Each structure stands twice: as C-alpha cells, then as structure tokens.
Amino acid sequence: MATHSHPHSHTVPARPRRVRKPGEPLRIGVGGPVGSGKTALVAALCRQLRGELSLAVLTNDIYTTEDADFLRTHAVLPDDRIAAVQTGGCPHTAIRDDITANLDAIDELMAAHDALDLILVESGGDNLTATFSSGLVDAQIFVIDVAGGDKVPRKGGPGVTYSDLLVVNKTDLAALVGADLAVMARDADAVRDGRPTVLQSLTEDPAASDVVAWVRSQLAADGV
C-alpha cells in the first residue's frame, strides 16, 4: 500500500463546500465504476472506525438494495445505521444532479441517531465521469481497480482527476492482468494536482490502513 502525490499544478475547477449546520456529521462520498470495490472499502472503513465514531452508511443502487444488504449481512454496523436509496436510473443523477432522495435519507439517519460523526455515502457503480454534488458530501473518494488495466488513470475524467482521494484498488491482481502499478501511480499523479492517491489491496490489508488514515485526517480537520 502506497500513497502518492505530485506537486506540479494544473488549472482545476473550484469545488465549493456545502454549508453545514452546527453539529452535522461529516459526509464522505465513495464513488467509482461497478466492481471496483466500493462496498468492500466501505465495509472496511466501518469495521475500523465504528469503535471510535458514531457512523452511518447510505448506499445507492439502481433497482435493488444489494450494497446495503451486503453491509448488513456482514454486520459492519447495526442494521438501522445502514440506509439505501434506489435511484431508478443513472447512478450519477442521484448523487450529482437531483440529490433529493439522498438528502431525505440522510435526514432520516440523523433523526434516528443523535450526534453522528460521519456518514459514508456510496454511489451506485458508474463511469469515470461520476462525481458527487458539493451539496451532498464534504469530500469524495473515487475507487478504480487494476482490472481495467494501467491505462485507467491516464484516461482521467472528473472522478479520477478531482476526487479528494483516488484509490487504486485490488493491487494484488496487477500481475495477473498485466497492470503496471508504477505507471498507474505516475499517471494519477500527473492529473491530480497534488491530491493524494492510495494504491491498496484489501486482500493484503483488510483494514484499508491508508484510506482509514485519510478519513481520520478529514475528521481531525473537521474537529471530530
């Protein structure tokens, strides 16, 4: 597991932060393509942080509650701390264009659980253009994996380029699919304007140590 950053600058669009009310939890989005390992990462974050924080999770699926069901089955949090939105259409619409259903679900989680510290919002599987509305989350993680080949970071796209943290997942499979991790790290650094990139394998590090450390840094900056 390695963290990479690259100091040279690019012109990037400003991403305004949402205005939070006093006492509102930090909200971190977890997005990325289908099968990249978003739900497994959310599960790992819950396992590592549930002993120190008041947590909740909100998942997005098109027609099912598959991801929420997975998290409940694996008991990463009590069932009532895991909610699901069925988007009924393109996953990015519910996290970027019309976030009403997600905001309503967040309100319900906050009403049910006083003094939440953190809500993880997992998007449905989408492509490299998916990003979260700044009205929905305070920071966003974008997850890709090596199965798509080492060209994926080079292709860029808003998720790869502008997410607050890029995670290159399933690094243990790199040799099997012919992906060069050094190339992926280099190409990610080249487009991310110094934003951090983590290369990880949940098989080798089930605790997702580098991502957990990043989440803790976001919470510390937030005063949690």
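Including glycine, each Cβ sits where the backbone N, Cα and C put it.
So that you can see what the record holds, here are the features copied from Swiss-Prot:
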| type | residues | note |
| --- | --- | --- |
| BINDING | Gly32, Pro33, Val34, Gly35, Ser36, Gly37, Lys38, Thr39 | GTP binding site |
| COMPBIAS | 1-20 | compositional bias 'Basic residues' |
| REGION | 1-25 | region 'Disordered' |
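Of all Cβ atoms in the shown protein chains, 20 besides its own fall within 10 Å of the Cβ of Pro33 (GTP binding site). Between the binding-site residues Gly35, Gly37, the minimum number of other C-beta atoms within 10 Å of a residue's C-beta occurs at Gly35. Compute the center of the Cβ atoms of Gly32, Pro33, Val34, Gly35, Ser36, Gly37, Lys38, Thr39, which mark the site for GTP; besides them, the chain residues with Cβ within 8 Å of that center are Gly125, Val143, Asp145, Asn169.
Cβ neighbours within 10 Å of Gly32 (GTP binding site), excluding its own Cβ and spanning all shown chains: 27.
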